[in-house]
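Taken from Swiss-Prot, the feature active site covers His358, Cys401. Per Swiss-Prot, the feature compositional bias 'Polar residues' maps to 231-248, 259-268. Feature annotation from Swiss-Prot assigns domain 'DED 1' to 19-97. According to Swiss-Prot, the feature domain 'DED 2' maps to 114-187. Swiss-Prot lists 231-269 with the feature region 'Disordered'.
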Amino acid sequence: MKSQGQHWYSSSDKNCKVSFREKLLIIDSNLGVQDVENLKFLCIGLVPNKKLEKSSSASDVFEHLLAEDLLSEEDPFFLAELLYIIRQKKLLQHLNCTKEEVERLLPTRQRVSLFRNLLYELSEGIDSENLKDMIFLLKDSLPKTEMTSLSFLAFLEKQGKIDEDNLTCLEDLCKTVVPKLLRNIEKYKREKAIQIVTPPVDKEAESYQGEEELVSQTDVKTFLEALPQESWQNKHAGSNGNRATNGAPSLVSRGMQGASANTLNSETSTKRAAVYRMNRNHRGLCVIVNNHSFTSLKDRQGTHKDAEILSHVFQWLGFTVHIHNNVTKVEMEMVLQKQKCNPAHADGDCFVFCILTHGRFGAVYSSDEALIPIREIMSHFTALQCPRLAEKPKLFFIQACQGEEIQPSVSIEADALNPEQAPTSLQDSIPAEADFLLGLATVPGYVSFRHVEEGSWYIQSLCNHLKKLVPRMLKFLEKTMEIRGRKRTVWGAKQISATSLPTAISAQTPRPPMRRWSSVS
């Protein structure tokens, strides 16, 4: 599949518009009546209902998609998504793509909602006998017309008996008639709780779309479901005004609540995202722990580049930066205790803690090779331990391995692990507290890579996007993850980046302008 902005068919075709419509006509001719109904159902909420009701063929639906800018010759991905969902995967060849390519892009480009996907899955699991029983249970409230399982569910939705946040009626029906479908509903609830909500792609972001995607939906779920069940409930929503001062950028962070798969409700995750406004003269403190040398582990060549650019960028953003090099376990505890009690937090809006070192699953190494759990580090800055940071965003960026696997797919090194050490569970990594963000250079179980001269891919990309995307810094963590998928070592390995929760950040342009860094590609 070619990147967005390029045709999925030969650009040498004459009369491209006709050629594209011919492809749509071929797809139409291979779809039956039920396929058309499925397409119409999946487009509810994206295409006006009146237009869908009048559509009698797939080509009618395609015409509406074209009119609504949901489908174009340059970007037919939404149609590919629809064909994938209704299991017409053979027809993807007419869009010059494969089901594997669609699966890879779905986590970041999915248009059909989880709720609509759920209803479609349920409709396929409700046979004629099940449907008859369900209709019998709701006989008094249903019209006297013949219904399919799909139209039955669509009617319940239209009547307001079910919606994405209210599945009680549906659960009761399934529990009575077809209990096995309750698994689908529970799966939907879990996915909705951990869903990464991304804003529409802007023009600047288009260049990132269509490239090889970095993190599959499975990777994301694995990471988020590893978090503690009670963690990061969004009990606070800090608001400190809305005016930038001192020429530094005003940062607004949304969705800083935790992403525990079992406890995060939908309103918290998608509708009531916390908003933090930063309007003080002092943005806050940025602490950088930069470990280069170790007792027996390999030196981390290039880490000074990461520390240097982190320091420069966060100073540019208005933070006071403190760098600590080659920190032992005892020294780390001293740093944590000092920062926990630092009176400067009272005058700041935010706290940033960056760790550049070797690591393992859920833990990082000190320079004397003591393994320190990430949770232990973060727990110093909860509202109870550090009241001055209560209801303020606390951002932790960690450049370190989280496992030993290399994701298959210049001089490069992994931020290596000591295989003799026992792994630490990520379930103990996150404090049960609001207002934390944890950004890891890679998902659990995988190594992260560092160029011995230019620094790590994760940190360099993070800083590059912090600079480049001001003032519309809406997806810098997601973009940091995306660009990781395009970086490869000489042996064809790629790095998987991870963040622990959905986050969007916007900022005003700092003054004076920041100079370019030649070390960042």
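Placed from the backbone N, Cα and C atoms, the Cβ positions cover glycine too.
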Residue distribution over DSSP helix, strand and coil in the domain 'DED 2' (114-187): 54 helix, 2 strand, 18 coil
DSSP-assigned states of the domain 'DED 1' (19-97) in counts, ordered helix, strand, coil: 53 helix, 2 strand, 24 coil
Taken over the domain 'DED 2' (114-187), the model's mean pLDDT: 92
Reduced DSSP assignment, His358 (active site): coil
